[in-house]
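This is the structure I want to talk about, given as structure tokens.
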Amino acid sequence: NDVITVQTPAFAESVTEGDVRVEGGTPLFTLRHNLKLGFMSAFVKASAFALQEQPVVNAVIDDATKEVVYRDYIDISVAVATPRGLVVPVIRNVETMNYADIERVEVRPMMYVALTYDHRLIDGREAVTFLRAAVEDPRVLLLDL
């Protein structure tokens, strides 16, 4: 059926090889940022640069309008082996980060929370401040600290 063919994404994968040696400058980087410079930050930065140069690779097709939507941000997921198994954190807004910012990314337990409120009384800033306080340090609310 031609309709199904047009509506179903045709995913493909391309693989290539590249030299990822990190040479020189690493002792200075470690001294300046108190971080070890790894291959992953170079890979993430290179990917972000390539996505900025070829924005169609970071685009999506809007299901409702069937239009191509070019994202103005770059989020990259990287699989990381941990003692608990494979974890795939999302590094958000990579295009705004430098190598040190990327090396500082750490896997932390995350949780989504929502708050329904009367927007006539509460602005988004206050709602988010409340939610972050409740999630990031629940001891404050639970233990009346």
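Just so it is clear, glycine is given a Cβ too, placed from its N, Cα and C backbone atoms.
Sharing the feature lines straight out of Swiss-Prot:
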type	residues	note
DOMAIN	4-31	domain 'Lipoyl-binding'
MOD_RES	Ser14	phosphoserine
MOD_RES	Lys36	N6-acetyllysine
MOD_RES	Lys66	N6-acetyllysine
ACT_SITE	His119	active site
ACT_SITE	Asp123	active site
Would you identify the secondary structure of His119 (active site) according to DSSP, in three states?
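It is coil.
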Within 10 Å of the Cβ of Asp123 (active site), how many other Cβ atoms are there?
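A 10 Å sphere around the Cβ of Asp123 (active site) contains 11 other Cβ atoms.
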Going by C-alpha positions, which of the recorded positions (Lys66, His119, Asp123) is nearest Lys36 (N6-acetyllysine)?
Asp123
Can you check what DSSP calls Lys36 (N6-acetyllysine), collapsed to helix, strand or coil?
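Once the DSSP labels are grouped into three classes, Lys36 (N6-acetyllysine) ends up as coil.
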